[in-house]
Structures are given as structure tokens and as C-alpha cells.
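S.K.: Sending over a structure as C-alpha cells; questions will come in a sec.
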Amino acid sequence: MSRGPEEVNRLTENTYRNVMEQFNPGLRNLINLGKNYEKAVNAMILAGKAYYDGVAKIGEIATGSPVSTELGHVLIEISSTHKKLNETLDENFKKFHKDIIHELEKKTELDVKYMNATLKRYQAEHRNKLDSLEKSQAELKKIRRKSQGGRNALKYEHKEIEYVETVTSRQSEIQKFIADGCKEALLEEKRRFCFLVDKHCSFASHIHYYHMQSAELLNSKLPRWQETCCDATKVPEKIMNMIEEIKTPISTPVSGTPQPSPMIERSKMIGKDYDTLSKYSPKMPPAPSVKAYTSPLIDMFNNPATAAQSSEKTNNSTANTGEDPSLQRSVSVATGLNMMKKQKVKTIFPHTAGNNKTLLSFAQGDVLTLLIPEEKDGWLYGEHDTTKARGWFPSSYTKLLEENEAMSVPTPSPAPVRSISTVDLTEKSSVVIPPPDYLECLSMGATSDKKAGAPKVPSASTFRAPVSRPDATSTSPSDANGTAKPPFLSGENPFATVKLRPTVTNDRSAPIIR
């Protein structure tokens with residue numbers, strides 16, 4: 001595409017103007033954007049450093065876990081790797097500032113002055129050449145007018161030829177000047193774009209090297225990192241062995257473990273040195289399913305009829321409420337014994353196990369050590385201090401061992417063994433047994449109560465002890481003493497259920513009491 005000198009001249013001037021009015025201002029804007037880019041990258045590096053410091057802290061937490069130790073080490077390694085990559089990125093952006101931002105700032109200020117001067121010089125030289133050409137053309141016109149109308153035509157003809165050559169020469173010069181000026185302007189523009197591209201290529205080379213290093217580093221570590229987290233349900237073999245040991249312990253608690261007394265928590269706060277169930281559970285048989293035998297002297301002050309009524313009411317209350325009888329009995333036991341730091345008991349009646357291997361045999365006055373502090377349906381589990389035999393025995397056949405009787409300092413026992421009132425009755429050597437006439441009176445009263453519709457007194461087999469106590473009369477203890485749970489065991493008045501019957505004295509001088 002051919003262009004005239006004027007069009008090429010306009011192209012040259014426009015090229016210079018584009019560099020001054022668009023390229024250089026664009027460089028200034030690029031410098032500002034580059035500085036913002038630097039700030040953003042530096043902020044990103046600082047934020048990344050803080051972030052991966054947090055990752056490392058979480059990794060340290062994971063190293064303390066028995067199943068996540070390896071994952072914790074991986075998190076720490078990921079943190080250190082990314083911080084190293086961020087440090088390398090920071091070094092590359094220092095080169096970005098040095099090679100691009102700094103150079104552009106320096107070149108832009110100088111180039112504005114240079115391009116302005118170059119354009120002015122080109123325009124001035126171009127104007128001078130045009131002026132010379134125009135003068136030569138004007139002289140040529142004058143010569144031609146003179147040669148056409150003058151007498152010395154040959155003389156003017158020779159001068160005309162000289163001016164034509166001068167105009168032609170000056171036209172060639174100005175065309176050459178315009179062409180060279182256009183070429184120079186375009187090259188100046190290209191040099192500036194080349195400079196910008198070259199600087200960014202240099203920075204891109206640094207970034208490429210950074211990414212190559214990062215890729216090589218990550219490719220060497222990433223598969224191992226992924227392997228540690230591929231299965232979240234995998235548990236180390238050591239931990240699995242520990243879990244299996246927990247699932248299948250050496251011993252399991254006995255299914256017939258007595259229910260704890262409501263006072264057990266209070267007792268635990270007072271004494272912590274009694275034996276626990278788990279210590280003896282492997283050798284402990286289940287508690288007997290039948291209710292424990294009742295002490296022969298437990299109901300000696302109760303009227304049989306009223307005792308039967310009281311027993312029936314108690315049983316009905318237990319059935320209605322649906323509570324555990326052992327829990328009710330534990331509540332009814334005197335609280336003073338719960339608070340005593342005892343673990344040994346003394347037998348007040350003999351007991352024979354017979355063919356039942358789960359029961360414990362002992363004689364009167366033997367010392368037993370409680371292995372289970374709680375009571376189950378009137379049964380306690382303990383060890384004979386002399387024979388070292390273990391088994392279940394009725395709690396009513398024992399009493400707490402007094403401090404002056406113990407050989408060593410007793411340990412706390414939260415078990416409600418028996419009411420103090422019962423222990424006092426059985427501990428005294430001189431127990432007053434009602435005379436036969438009193439028994440007959442009781443029998444008559446019981447017979448009259450039966451006729452009146454009173455509840456039937458439990459049979460002797462229900463409350464008879466396995467072994468008859470010494471010095472016992474022919475009358476059955478259970479027939480004389482009534483039910484197994486007298487009211488005075490719950491802390492009430494022991495004579496609250498005793499009724500005064502009409503009595504006639506043999507002394508005629510005494511008044512008749514009705």
C-alpha cells in the first residue's frame with residue numbers, strides 16, 4: 001500500500017504522539033498497579049504465613065492424639081512446605097519490583113522528555129525542508145516566466161534547468177527525511193513495547209522457575225500426604241489392640257450386683273478406702289434369689305397380729321410403688337451406721353450354708369470382712385477372717401464390729417448392716433424372753449384377731465433361722481416375734497405398735513383396769 005509523503009508524515013507524528021499521550025501515561029498507571037500488586041502479594045504472603053502457622057499448631061494438637069499422630073506430622077510438613085514456597089514467592093516479587101517497577105519508573109520520566117524533544121526536532125526539520133523546497137519552487141516559477149517573455153531566453157533557460165534540479169533534489173531529500181522519520185518513530189515505539197515485554201518475560205521466567213520448583217517439591221510429597229488421609233476409618237494396630245482389650249475385659253460385673261443404698265454417695269465422701277465390687281467380681285457368686293433369714297430376736301417386742309398387719313402393709317406398699325425392696329430397706333436402716341467407718345462385722349447368730357456353695361457358714365462371734373458394701377435383699381457378701389471363705393450371709397445375723405473389739409483400725413463401710421437398736425438387743429447377755437403366760441396371751445389375741453378378719457401371720461418357716469440359737473425355748477422364735485421388718489428399724493418409736501390389753505389383777509384391793 002503506497003502512501004504519499006504527507007500521509008507518511010502524519011503517521012510519523014501520530015506515532016510520536018501515541019507514545020507521549022498513551023504509552024507513557026499507560027506506563028505510569030502500570031507502575032501504580034504494579035505497586036498495588038506488590039502490596040497485595042506481600043499481604044498474601046503474610047496472611048499465608050499466619051494461616052500455615054495455624055495449620056502447624058493444629059498439627060501439634062493432632063500429634064498428641066493416639067490415632068492422628070501421623071496426620072499431625074503431615075499437617076506440620078504441609079505448613080513448612082507452603083511457608084517455604086511463600087518465601088520463594090516473596091523473593092521473586094522482589095525481582096518484580098527491581099526489574100519492572102523500578103525500571104519503568106526510571107524510563108518513563110526520561111522517555112517523556114526524550115519523545116517530546118524528538119517530535120519537536122522532527123517537526124522543525126520537516127518544516128525547514130518544506131520551506132527550502134517551496135523557495136526553490138517559487139524561484140523556478142519566476143525563471144520560467146522570464147524565459148517565456150524575455151529577449152535572453154537562452155540565459156533563463158539555463159537557470160531554469162538549475163532550479164528544476166534543485167527542486168527535484170530538495171523533494172527527494174524531504175521524502176527521504178519523512179521516510180526516515182517515520183521509520184525512526186515506529187522503531188522508537190517498538191523499542192518501548194519490546195522493553196516492556198522483555199521485562200515481563202524476565203519476571204515470567206522467574207515465576208516459571210518458582211512454579212517448577214513448587215511442582216517438583218509438591219509432587220515428591222503430595223502422594224504420601226494423600227495416603228495418610230485416604231481412609232478416615234483406619235485405626236493404628238496399637239490402638240485397635242487397646243480397644244479390643246476394652247471390649248473384652250478380663251472380668252465382667254456380676255449380674256446380681258446389689259443395688260446401692262441412697263446413702264452410698266454420702267458414704268463415699270466420708271470414706272474412700274473400702275473395697276469395690278470390681279476387685280472381687282471374678283470370684284463373687286450371684287446373690288441368693290430368696291430373701292435373707294430374719295434374726296430370731298428382731299421382732300420380740302412386736303404384737304404378732306399388728307406385726308402381720310405392718311408386714312402386709314409394707315409388702316403392699318412395695319408392690320404398689322414398684323421400688324426395689326433392698327432400696328427401701330437401705331433407706332429404713334439407721335443412718336448412724338452408714339456414717340461409721342467400718343468394714344468388718346461380727347456375727348451374733350450362727351449360720352450354716354448347707355449344700356449351697358454360694359452361702360457362707362460361720363459361728364456366733366466370728367469376724368467377717370465385707371467385700372461388697374451394698375446390701376441385696378437382706379444379703380451381704382463377705383469373707384471369713386479365719387477360714388478365708390467367701391459367700392453370702394444374712395445381714396441381720398451380724399452387727400458392726402466395735403472399735404474396741406477390732407484388732408486394727410477399721411476402714412469406712414457405707415453398707416447399712418443393721419439398726420443400732422437391733423445390735424443393742426442382741427448384744428446384751430440378759431435378754432428378757434416373755435413368759436409362757438404372755439405367749440398364751442399373745443396366742444389368744446392372735447386367735448381373736450383372726451376371727452375378726454386380721455391378716456394371717458407368716459408361718460414359722462418363713463422367718464426361722466437355718467440354725468436354732470442357743471438356749472431357745474420350745475416355742476418358735478418367729479411365732480413369738482412376728483414379722484421381719486419391725487417399725488423401730490426405721491428410726492421410729494420401738495413401742496409404737498404395742499397395744500395395752502384389758503388386764504384383771506388378782507389383788508382385790510387394786511382397781512379393775514378396762
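Glycine too: its Cβ is placed from the backbone N, Cα and C atoms.
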S.K.: Which of the listed residues, Ser281, Ser476, has Swiss-Prot annotated as phosphoserine?
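M.R.: Candidates were Ser281, Ser476; Swiss-Prot attaches phosphoserine to Ser281.
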S.K.: Which stretch, out of 109-137, 225-253, 399-427, 486-514, is listed as region 'Binds F-actin' by Swiss-Prot?
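M.R.: Within the set 109-137, 225-253, 399-427, 486-514, Swiss-Prot attaches region 'Binds F-actin' to 486-514.
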S.K.: Enter the number of other CB atoms within 10 angstroms of the CB of Thr248 (phosphothreonine).
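M.R.: So the Cβ neighbour count for Thr248 (phosphothreonine) comes to 8.
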